[in-house]
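Read the structure below first, then the notes.
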Amino acid sequence: MNNICKLNKFIISKSSSSLSSTSSKIKTNCLIKNAKMFSSSLNLNRFYSTNNTNNNKLKKPLSIGQATFETHPYLLDKNEITKGIKMKEFKDRREKLMKNFPIGSVVVIFTPPEPMMSYDIPWSFRQNTNFNYLTGFNEPEAVLVLVKTSELDHQSYLFVRERNEEKEKWDGARCGGENVKKYFGIDFGYNLTNRDIPILGKLLKSTTDGKLYCNTTPWNQLSNKLEPFLENIKFYTVESLLQQIRLIKSDAEIKMMLKSGEIAGTSFHETMKYTGTKSSSSSSSSSSSPLNEYQVSAYFEWCVKDKGAQRMSYPPVVAGGDNGHTLHYIQNNQLLNYCDLLLMDAGCEYWGYTSDITRTFPVSGKFTEAQSEVYQAVLDVNKKCIELCKPGETINSIHLKSVELIQAHLKRLGIINESNPNDYRLYYPHSIGHYLGMDTHDTLDFDYGVTLEPGMIITIEPGIYISKYDSNVPEKYRGISIRVEDDVVIPNLNNSPLVLTHLAPKEISEIESIMSNK
């Protein structure tokens, strides 16, 4: 099998035990040899001018394809690469990653080309999460290379699309290799051109142990050009190490997550008010059409973007009535029944950080007695499980407590009986929550048995879902599906959990007051 086939198969080894043993075998003369190679054959002393030499144009702030302090001073502080995250924090993240590797190791992080909706129509671009975490760079088709040069240091290289006046006229500004160091704090910047790709290839080949640590394989066009440099190179995943670093959030990240949660929470408040107003209007007028799920979905999306969010965290669930029985219902195209509940699971992404909230509220603005009984049961589980979000617990241990509480409520309501306690799974089929961060389902390599530590963020989302066709349930509860979800920061010992989504109303009295416009 040729090497490029090996690359495309990307045979992953998650063994980390070889790192320490490999480190002890690195010799000083190897470092000297590599240093000479870097300075000569790679020509790393090349640098680019950032000055505008076109005398025929008026001078203007340099646009690099994303917000900078120079072009967006109202968004970014002087030392920030992205909103809320300074250049130093990005450097610290790279340092944390490289501490896991022996001298001479090479880590390479790829971000793929822009995904296309059709032949020449692109999807809205979202940067690869790990690439964003390590660089803050927001263009497709880029390669980050990190080379461990000593026990305490590494060198960083960023290869990007070159600037192209004609293409930028159509698709917007690019950074170009010449601006990488200034704006992103990367040691060396290069363009992904035929001239510079051999430099990338030699960097990858320079690994002293014959291993490359990657997040994924390069895209096909780049892969073909790198093939001559990759003979006898083995590829290992760096995904778990990156996720381990991402699992615990910095103070700056928690602030960004709080902002994301507050934007989404406030938008839930406004969406409840909108739903109450529209539903009241349509119910009192024979000429008005009933509210549709897609109208509620669209209004929420407008609210979060109006407050500065870049996008939704995921396709929202806006499920009226029995649609709430489908956990990931995303068609959002059914008319809302005035007497039904509306289960809405939605969040936003604010500068790379996500929120994930579920609220359930009555289309009419007023809970029925049966709806209130089930809702209070779910809310009770939500609150008690939030109290358990402390160091030493696990998502699994909190889930077991949620099962115990759900079982008790379902028995009390007459939905399950003592002889079949495991029937709770029919009405509560999912886990209590998941890790949350830059991705909605964050750090997926880590199971729910990991001991929670300060700075981790998880969701707490108990639910009870009853089909309107379930004849085993008292009739008054049929068709009631309720979930209440919040985002919670694990605090330091002896402190209370921080609920990032505290602005999303969840008490019955508060919801009814908002929806009646009181």
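FYI, residue positions are counted from 1 along the chain as it appears here.
Any Cβ shown, glycine's included, is placed from N, Cα and C.
Glu461 is the residue from Glu461, Glu507, Glu510 that Swiss-Prot records in the Mn(2+) 1 site together with Asp356, His434, Glu485. The Mn(2+) 2 site is defined by Asp345, Asp356, Glu485, and by the 8 Å test on Cβ atoms against their centroid, the other residues of the chain that qualify are Ala346, Gly347, Ile357, Thr358, Thr459, Glu461, Arg483. Mapped onto three states, the DSSP output places Asp356 (substrate binding site) in coil.
Neighbour density for Asp356 (substrate binding site): within 10 A of its CB lie 27 other CB atoms from the protein chains shown.
The sparsest Cβ neighbourhood within 10 Å, among the listed binding-site residues (His434, His441), is found at His441. Other Cβ atoms within 10 Å of the Cβ of Glu485 (substrate binding site), summed over all protein chains shown, number 23.
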